[in-house]
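Trainee: Below: one structure in structure tokens.
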Amino acid sequence: MLLCSLLDANIFIYKFTLSLIHLVIFTSNIRNNLSPTMNAARFKAMPVIETGVCRFCGHNKKCRVINIEYENLGQREVYSEMLLECFGILLSNLDRPQKERLVCASCVHRLRAACSFKNQLLKCEETLKRKIEGKLKI
């Protein structure tokens, strides 16, 4: 029971943190006279950097920018937000030059897999929780 309460608290904290991040991004867009849609469209057009040091693994590879919005299989991805969502890690210095905010394709793949695993685990935990509470029959 304590585990379920801790999971619920962690989910709440995560959602609250993401809301704050979106508010900061929105405020930044207003300050830069950009609508959120214009900003998102600009970010989706950003190219893969030819070579750079990946901030996640330290290897010199072709990379993308950590805190820019991309699209994968119709899903929105911002790697810094995914890292926060999955592990609770808030990266610092995301306002530094682009060459200091990079992540390679290998690390992006691993991050996607970790986020997918976490979502699967949370879904199964919720199912088990409902089963224990007698709300679900198997």
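Heads up, the Cβ atoms here are built off N, Cα and C, so glycines get one too.
What TrEMBL records for this protein is below:
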DOMAIN    52-131  domain 'ZAD'
BINDING   Cys54, Cys57, Cys104, Cys107  Zn(2+) binding site
Trainee: For Cys54 (Zn(2+) binding site), which residues in the same chain are close in space, meaning a Cβ under 8 Å from its Cβ, but six or more apart along the sequence?
Mentor: Asn60, Lys61, Cys63, Leu102, Val103, Cys104, Ser106, Cys107
Trainee: Using all protein chains in view, find how many other C-beta atoms are within 10 Å of the C-beta of Cys107 (Zn(2+) binding site).
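Mentor: Total other Cβ atoms inside 10 Å, all chains included: 22.
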Trainee: Taking the Cβ of each of the binding-site residues and counting other Cβ atoms inside 10 Å, which one has the highest number: Cys57, Cys104?
Mentor: Cys104
Trainee: So which other residues, same chain and not among Cys54, Cys57, Cys104, Cys107, have a Cβ within 8 Å of the centroid of the Cβ atoms at the Zn(2+) site?
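Mentor: The answer, listed by sequence position, is Arg55, Phe56, Gly58, His59, Lys61, Cys63, Leu102, Val103, Ala105, Ser106, Val108.
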Trainee: Looking at the domain 'ZAD' (52-131) alone, can you tell me the average pLDDT?
Mentor: 93
